[in-house]
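As written in TrEMBL, here are the features:
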REPEAT    106-140  repeat 'PPR'
REPEAT    141-176  repeat 'PPR'
REPEAT    177-211  repeat 'PPR'
REPEAT    212-242  repeat 'PPR'
REPEAT    246-280  repeat 'PPR'
REPEAT    281-315  repeat 'PPR'
REPEAT    316-350  repeat 'PPR'
REPEAT    351-385  repeat 'PPR'
REPEAT    386-420  repeat 'PPR'
DOMAIN    628-717  domain 'Smr'
Amino acid sequence: RHTSVAEEVLQLALFNGQTSLENVLVSFESKLCGSDDYTFLLRELGNRGEHEKAIKCFQFAVRRERRKNEQGKLASAMISILGRLGKVELAMGIFETALREGYGNTVYAFSALISAYGRSGYYDEAIKVFDSMKNYGLKPNSVTYNAVIDACGKGGVEFKRVVEIFDEMLSGGVQPDRITFNSLLAVCSRGGLWEAAMNLFSEMVNRGIDRDIFTYNTLLDAVCKGGQMDLAFDIMEEMPANVLPNVVTYSTMIDGYAKAGRFNDALNLFNEMKFLGIGLDRVSYNTLLSIYAKLGRFEEALDICREMEGSGIRKDVVTYNALLGGYGKQGKYDEVRRLFDEMKAQRVSPNLLTYSTVIDVYSKGGLYEEAMDVFREFKRAGLKADVVLYSALIDALCKNGLVESSVSLLDEMTKEGIRPNVVTYNSIIDAFGRSTTSECLSDTGQICELQTKTSSLIIERGIEADATDGEDNRIIKIFGQLAAEKGGQAKKGCGVKQEILCILEVFQKMHELEIKPNVVTFSAILNACSRCDSFEDASMLLEELRLFDNQVYGVAHGLLMGYRENVWIQAQSLFDEVKSMDSSTASAFYNALTDMLWHFGQKRGAQLVVLEGKRRQVWENVWSNSCLDLHLMSSGAARAMVHAWLLNIRSIVFEGHELPKLLSILTGWGKHSKVVGDGALKRAVEALLTGMGAPFQLAKCNLGRFISNGPVVAAWLRESGTLKLLVLHDDRTHLENTRFQEISNLQTIPL
């Protein structure tokens, strides 16, 4: 509603400096048409980042405007503009002046300030301003509620608190609109609350509120973060009836598939984007590049880099981080060095994740002196270690058997005020018992003193090179210790019972810090059970852990003890939760559970668990009448599956059908083994087949494949003694379990 005069004044204001702006405004004062023209000037100056000129223009307009309501409109506009520019303190100053002079007592001024705080992440202040409205006799409107809900979302406020504000909105008779629901969906998106997001979307439909592209993209983000990729695909399929998917839609879906380990689905969507002529943005390029890097397809990753730069998008720190992580996982350390040097030469500043990635790569690759050098560079850059860097260091220590040092570093981390996360603790739990040379805790829970010689030369060189604080010296010492261990220094082991106490102590600490264990924690615990010397030790560990989570560890304990009939319903709900995880995490869970059961003679239970995993498609395309693919399974899961598969093809034979001419069992050739073709899984399956007298031989052209002729296997399956060999039994069975039923339903931590 502005006039052409306002546009002329804008050009003069932009051309002239601040000092002459007052003269321009005075000369055009009689021609400017009230608050509409001044609001236009404020907005356009703000859009061009000229906030100082905008404030000067606002002060001029307010002095000449006599009507309080018009002054209030100008104040609301100025606060909103400063909020968009991130100038929160200036916005607060305008608000306080307006309030003091009697024209700031409006819903719009309060709403603008709430929005300003929300945009900058100051959700506490936003809520305080919202609550203070009642003291001024103001009733929030839809703009106010939308602003405070948006502020809560940006500030990471719990969904429960946001729902309380939404309920207050409804009870006050204020009708939500599309912006309200989009803001609520954004809260769900940040926390991966896909079920709540779906409920909100359904309510939008029921209320007849239009959904825009932001609605769908935010819903998809929540559903993808919740791991529900099939549901996300269905939502995307329905979109064209209301709104066409855009580059953000595809980027969200591709990233979701990548995080779920479904790389082929992600790449198919990328091809669909190209077919539809949807141009990629920086996010989609980086996501795609990350996928190719994780798959080890570096030529295609570099092609994406070239295409990205050809479209005018330069490689940024996210691009380099993806390539560094990809090359690192493939053990291509020369490429990691080259890329790390290249990014600095291109003036792309490494961030905390860059340093964490490179230190992690070098540490896991045994390049400890290089890791030490990168850590020194990290400190010179003035960056502060965070949970990601500490977790990477702790994980490297754990994988090298230095559990004592990892626990010590964990203490150092908490003293620095850095809160560990579930990943940090999972590394430590998984490390216990992995090696006979692992360090341990004493019976009192204190760290045992490491009685080994270290490479003093490396340590002294590291400390002398850095005049840093004690924390940095400790990390340098740790790298020196790792280098010494690499040189062959030995460590004393400790008893299994002590390690069980360690695990319980770590778990207790997680509980105290309210860090929720996840399915990876559970898998690590089960792996620790499998490494116990006796059934009694494993049973004791699970029994103690039931105090923390009776559902999860109660299921594992019940199956171990042979109480399958009692716990199978509980097990089903646990399997339902695992279903929402990505495929690699779910596979690790089933592998760990079956390994533990098989290890302690609960072989029928192990088989039921592994068949449940097959039914739920944890391992894709694992089973056909002619082939059994075991290469993603642990040795316990694989052996249980071999028995089940042979029983299945036996039923085919006894139903009068012919078996395929060639039968195969794939184990993989053990690419991580010291001797090619001598993988642990292959050895376990070979021993099983030999022990049963099954007529399978190792294929000459494939070191990880056992083969046999269908008629030969059919003849063996018809033999009278074969069925007895194939049917598995548990060493321990309890049809009735009164003790298990008497145990109280303790407080649980959701998995």
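Using the three backbone atoms N, Cα and C, a Cβ is placed for every residue, glycine included.
These figures come from a predicted structure and were not determined experimentally.
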### Task
Using a Cβ cut-off of under 8 Å, list the residues of the same chain at least 6 residues beyond the repeat 'PPR' (177-211) that approach it.
142, 145-146, 149-150, 152-154, 156-157, 159, 162, 166, 169, 218-219, 221-223, 225-228, 231, 242-243
### Summary
Lying 6 or more residues past either end of the repeat 'PPR' (316-350) yet within Cβ distance under 8 Å of it, the residues of that chain are 282, 285-286, 289-290, 292-294, 296, 298, 301, 305, 308, 357-358, 360-362, 364-365, 367, 370, 374, 381
### Task
For the repeat 'PPR' (246-280), find every same-chain residue at least 6 residues outside the stretch whose CB is under 8 Å from a CB in it, and list them.
213, 216-217, 220-221, 223-225, 227, 229, 232-233, 236, 239, 287-288, 290-291, 294-295, 308, 311, 582-584
### Task
Taking helix as H, G and I and strand as E and B in DSSP, count the residues of the repeat 'PPR' (246-280) in helix, strand and coil.
27 helix, 0 strand, 8 coil
### Query
What else in the chain is close to the repeat 'PPR' (106-140), if you only count residues 6 or more beyond its ends and a Cβ gap under 8 Å?
69, 72-73, 75-77, 79-80, 82-84, 86, 88, 91-92, 95, 98-99, 147-148, 150-152, 154-157, 169, 172, 174
### Task
Looking only at the repeat 'PPR' (281-315), report the model's average pLDDT.
84
